[in-house]
Structures are given as structure tokens and as C-alpha cells.
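Let me begin by presenting the structure, written as C-alpha cells, before commenting on it.
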Amino acid sequence: LGLGPWAQALQVLAFSAGGVLLGGMSLVGAGVFLAVQKVFMSWCFSPRCWGRCFSPTEGVFWAQALALVCASLAAGRATGFARWSALGVFSFFLVSFGLVFVALTGLAHVLLRRGRAAYVQWSPIAAGIVTLALFLLWLCTGVLGWSFARPEELPITWLCRTLSLPEHRWLLVVQWPAILAAGVSAIHVACSRSMAAVGEDVSPAAAQRAARLKVMHRKTFHALAVALFAPPLLSGQSAFLGFSLLAAALLLAVVEACRVWGVPGLADGLNAFVGPYLDKREDTARGDLVLTHIYLLVGCALPIWMGLADARGAPAGDACQGAWTALELSGGILLVGVGDACAAVVGVNFGRTRWPLSHRTLEGSLAFVAGVFVAAAVVWRLAGGDGCPGGLLGGGGQGRRRRRGRVEGRLGRR
């Protein structure tokens, strides 16, 4: 952040040249990665932007992730999306339009603040309208590379055909809406009643009880995430689940932009809804970003996205490798959806022994491990891994051999 623009540009050029000469990287890919990384690092850590909302780990994660997405998209476009599936191309264009929305929101904010300050709150709406128009234009034309993946049909045709499959219609129209409506309503009612029971008692004991209740209510959303994501994953719909999680993450980002920019008619209702679940690190009154729900979704989705990008799959009829694949793809659900919730609930209620230099407790850590192992055993059994040689712990050798085979195959092709 202390470097000037010329020093930043020279650093990008120097590292790009080093990547090309020493690492055999593409100049375009390395340049795009480093440039985007720098832009988002400054956006995440600058006090004028959102520096107070990101820890160093969070800022580096988002900068690296978005830079990798942009570099992958640039590399795919340069190679005509060779060997990319239609789902992969559509997903990356979807992410691109999400980045366009973020950029246009910032641009609209700057322009409106200079010209019409009274309308600056409408920046996300203006950016959303333009982004939606561009997305619909792409859906109907498939410009910029879709024809490489699926020349016989337009993106809108592929999307309608994908969404119209019976198993996908059931998820979109019945299963997910029912679980969301019932789960969110139950959590909100329980939160309202428990907080009302605490009342206006300002004693330290009441404050401590209120803090414990807030943690438990927050972690109930983790159980809701497990109920939403685990059934389609175990029923063999991991590709559509990954695509749906990507669309949901982008939608949550749009909603958060509307909330943090204070869009009239939306922001107040959103602040009132999320307020009871926020801790001291997130303060809507000072304009902080609220990213907990996005972290939950992304944490559950990352193994699924990585698995789809790596084209994982078990040979037909191989139940053991199919069970191990299901366990790999459910890693985020196990760690974030189950393990983190167990650790938090046990830690705030029964934790006594704290780790050095941390507020985490030994009891919470043990609950994390136990919860993950129990949930993994359930996934293993539901995925048909009971009859595999060596069971759950012995099955790891098959996963390691399969991963080593994929790596050796890629190195051999290179």
C-alpha cells in the first residue's frame, strides 16, 4: 500500500517476467493474476475502502482467489476454452459478470458522489441494471467464447435445458425453498424469543448468556447449510450443486452490496434481519461489510468447485472410489458446516481450557474433531463405503493413489 503507481506497475512487470522466464508461465496469465491481486489487495486493506472489515488472512484469500479466477478466465479465453465443459465456461462467465457488477458499483459510487450525491445510495441498483443487461445480451448471443464450448446452442438454451431437468426442478422449486423457509423462520423465531427472554438485564451474567445464545443462533445456520447441501451431493448431483452454490454466492454479494451502500427500501430491512446474529467484529452502524454468510457458503463450496475443476469421478460401478469422492467433495460441509459449529457450541458452553494466545478452547477443538469424524462416518456409509476394504480410514489410500495418478498424468501430458 505504500508503493506509488509506477512502483506497483514495475513490480507487476518484474514478477510477470520472472514467472515467464523461471516458471514457464504465460505472460498474460501472470500479468493478469498479479495486476488483479494488487487491485484487490489495495481494496481490501486500504483505510479509505474496506480496510477495517478484513483481517490479513481474509484480504489475502479474496485477493488470491479473485486474481486466480481472472487469470484462469484470461487463459481460457486465450486458448479458446479448449477442453472446458459447458458448465465450466458458463460458471466462469457468471463470475465475470459478478466482477463487472462490483466494478460498476464502485464506478457509479464515484460518479454519483461527484455529480449527484443525493443518489449515491442507488449505486448498486444502477450497476445491477447495467450488469443484468450485459448478462442477458450474453445469454442470447454467446459472444466472447461460448461457441468454443457449445457451438450448437446458445447459453440461454443450455441454461434452460439444465434447469428443466426433473431432479434440478425438484431442488429449485420444492426441496431448497422448503428447507430455507422452514429453517430461516425457525431460527429467527428462536432468536427473537431467546433474546426477549434475556430482556434488558445488563448484568454481566445476562450479557454472557446473551453472547452464548448469539453464537448458538449463528451456528444454527451451519446446520441449515448441511441440510441444504448434503442431500444433493450424496445423490450424485455435485455438478449442479456447485453451479447453484456459485450463483447463490454471487446473489449474496449483490444483496450485501445493496445493504452496505444503503439502498432505500432494502438496507434497513436487511440490517434489521442480520443485526441479531452479528458479533462485535461486524458493526452495521459504521458501514462494515457482513460476510459471515458468504464465508459459510464459500467454505462449504470450495471442495466441490475444486473437485469439479479437477474433473474428479469414480469409474462406473466402483462403489469404494465413489464413496471416497463423495467424502472429498463434502470436505467443506464437514469442516465448516459440522466441525466449526460443534467447536463453537461446545466451546462457548463448556470450554474451560484456552489455547495460548487465543480465545479458542481445548474442549471446542476436541468437539470439532469428534464432530467431523462422526459426520464423515455418516457420509461414508450413506455413499456406500461400508463394504470397502479397510473402511473409512483405510479408504484414504485409494484417494491418495487416485490423486497421485491424476498428478502424474498431468505431468506426463506436459
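Keep in mind that glycine also has a Cβ here, set from the backbone N, Cα and C atoms.
Residues or ranges marked as transmembrane segment by TrEMBL: 12-36, 57-75, 87-112, 124-149, 169-191, 221-254, 290-309, 329-350, 362-383. If you look up TrEMBL, you'll see 394-414 marked as region 'Disordered'.
Distant neighbours of the transmembrane segment (221-254): 87, 90-91, 94-95, 97-98, 101-102, 124, 128, 162, 167-168, 171-172, 175-176, 179-180, 183-184, 187, 277, 293-294, 296-298, 300-301, 304-305, 307-308, 326, 329-330, 333, 336-338, 340-341, 379, 382-383; these residues of the same chain sit at least 6 beyond its ends, with a Cβ under 8 Å from one of its Cβ atoms.
Within its own chain, the transmembrane segment (169-191) has Cβ neighbours under 8 Å at 163, 213, 217, 220-221, 224, 227-228, 231-232, 237, 240, 244, 273, 276-277, counting only residues six or more beyond its boundaries.
Panel annotation: around the transmembrane segment (362-383), residues 230, 234, 322-323, 326-327, 330, 333-335, 338-348, 350-355, 391-392, 395 of the same chain, lying at least six beyond its termini, place a Cβ under 8 Å from a Cβ of the stretch. The stretch from 12-36, 87-112, 124-149, 290-309, 329-350 that makes the most Cβ contacts under 8 Å with the transmembrane segment (57-75) is 12-36. Here the transmembrane segment (290-309) has long-range neighbours at 53, 58, 87-88, 218, 221-222, 225, 229, 233, 238-239, 241-242, 245-246, 248-249, 252-253, 256, 259-260, 274, 277-278, 282, 284, 325, 328-333, 335-337, meaning same-chain residues at least 6 beyond its ends whose C-beta is under 8 angstroms from one of its own. For the transmembrane segment (124-149), same-chain residues at least 6 beyond its ends with a Cβ under 8 Å from one of its own Cβ atoms are 76-77, 80-82, 84-86, 88-90, 93, 97, 100-101, 104-105, 107-108, 112, 155-156, 159, 254, 257-258, 261, 263.
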